[in-house]
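Colleague: Input: one structure, supplied below.
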């Protein structure tokens, strides 16, 4: 089903000129030629063509690929960029205007992506400029490796590898090289880079409807940056599989698109196509590097990850690989004031990871001490069944907690609690000193610290740490000492978390439980009965959160109407594991019941 795309624009016909206006307001070292709407040229503010004493480097093409090409205008990279309308080659007059504006006695180099319109318009502009006395050369970049070797004159498409060529040429020009030498370096760079893209959605032009050509669960291999069809449509795959396929295609010994063989050093570029999150691009980078090293025998000298040449709002990425040598690295590392060239990637690569500079956790040191099965004391056995029951209950509730949290939070309460419960179960088998209740509570906090992120993880760790401080020093823990430890943990959670009773949080289950537990024990009620009664209070408290207006956490941003639909997931998690532990203890001590 097609639908009108949502765009933050005014008149779709003005998107390129308004983009350029915003660009030069943001980056004061840039200017544009006063020729809107026909002449759309971004150029360095510090360059006057008639007196410029270096080779000018000019690139351009249809817009919609931002930050390319205007984002790479700056000292050390492009001298000017010529912007066409969206996905439309700039016309000859605009290209000529750019040449005249920035070209001095040393001449200019045009870097052109291999599309018919770009080749023709830039080619004609170059010939006209030569007839006017300008010294002009042109390098065409066709780095696409997705399609079979082409027949005819079309050739391979120009993709994100063009950005690396622009940087090499710009640095060579900034170093004062002649036009012939700058052209030679750019041509060499264009011949040793290969790119392939994968799209998860097609792009939507301003003012157009969104196409449904690429349906759910599908991806397109080799989709062009103008949305043109690629080599194949396939089922969506994992990052590992996608990256592996793309690397094999680029480095194929059958097509021989790039002269890269085992033992070579290379530069890697992971390029987002418009709406791919940085997280996913970094995942791709993290998978590409070891695959290039281990499967293809290549050494990685530089990695550039980001959105360098996009296709409007297309979801997907492209991967570019360029063979590296001393000159290529020197050009890529050379300084530039181009606003969108990535920084801080030059130089030798330090180790990707280093040891954590803190003492090992007690869990790590306790593995050896408690790896073998122990003879559990009566209290140790009770503690074991209580922990197991509580953790298993949380594991079984993952989806339900996530469903509740999706309505009033960020939808991950169950997954977060599941990670903590699973870690507790695993660590209890190896290293919990169950005969020492205080230390076991502390180790539970350490398990939670390792795997549970976010607010809930730190609150549970605070609960455990405060309870441990209350319990430590007592070899045998009485029921009243457990009650005091629970109160200490609740006080610490309230102190550091800022919440209290009625705030619609986990405390709305813990506080009633602690209150009833202490009250029943003080009244002389059997400890097991008191534990079960306090569990009932925890469940009632959790259910009552439906009627509370949240005053803490993400739920505090949710309307009262929405909150009334479900209880607080954090409180329900507490009530569930607390009650499971109470029932398990009751069953162990009174096996004949129920």
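Every residue gets a Cβ built from N, Cα and C, even glycine.
So TrEMBL says this about it:
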type	residues	note
DOMAIN	11-341	domain 'DhaK'
BINDING	62, 63, 64, 65, 118	substrate binding site
ACT_SITE	226	active site, tele-hemiaminal-histidine intermediate
DOMAIN	381-583	domain 'DhaL'
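Describe the structural context of these features.
Modeller: Residue density at residue 63 (substrate binding site): 25 other Cβ atoms are found within 10 A of its Cβ, drawing on all protein chains shown.
Taking Cβ-Cβ distances under 8 Å and a sequence gap of 6 or more within the same chain, the neighbours of residue 226 (active site, tele-hemiaminal-histidine intermediate) are 62, 64, 87, 311.
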Colleague: Given the binding-site residues 62, 64, which one's Cβ is surrounded by the fewest other Cβ atoms within 10 Å?
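Modeller: Across 62, 64, these binding-site residues, the one with fewest Cβ atoms within 10 Å is 62.
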Colleague: Tell me which of the binding-site residues 65, 118 sits in the most Cβ-dense spot, judged by other Cβ atoms within 10 Å.
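Modeller: Going through 65, 118 one by one, the largest Cβ count within 10 Å is at 65.
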Colleague: Whose Cβ lies within 8 Å of the mean position of the Cβ atoms of 62, 63, 64, 65, 118, the substrate site, other than those residues?
Modeller: 61, 68, 69, 83, 84, 86, 87, 88, 89, 226
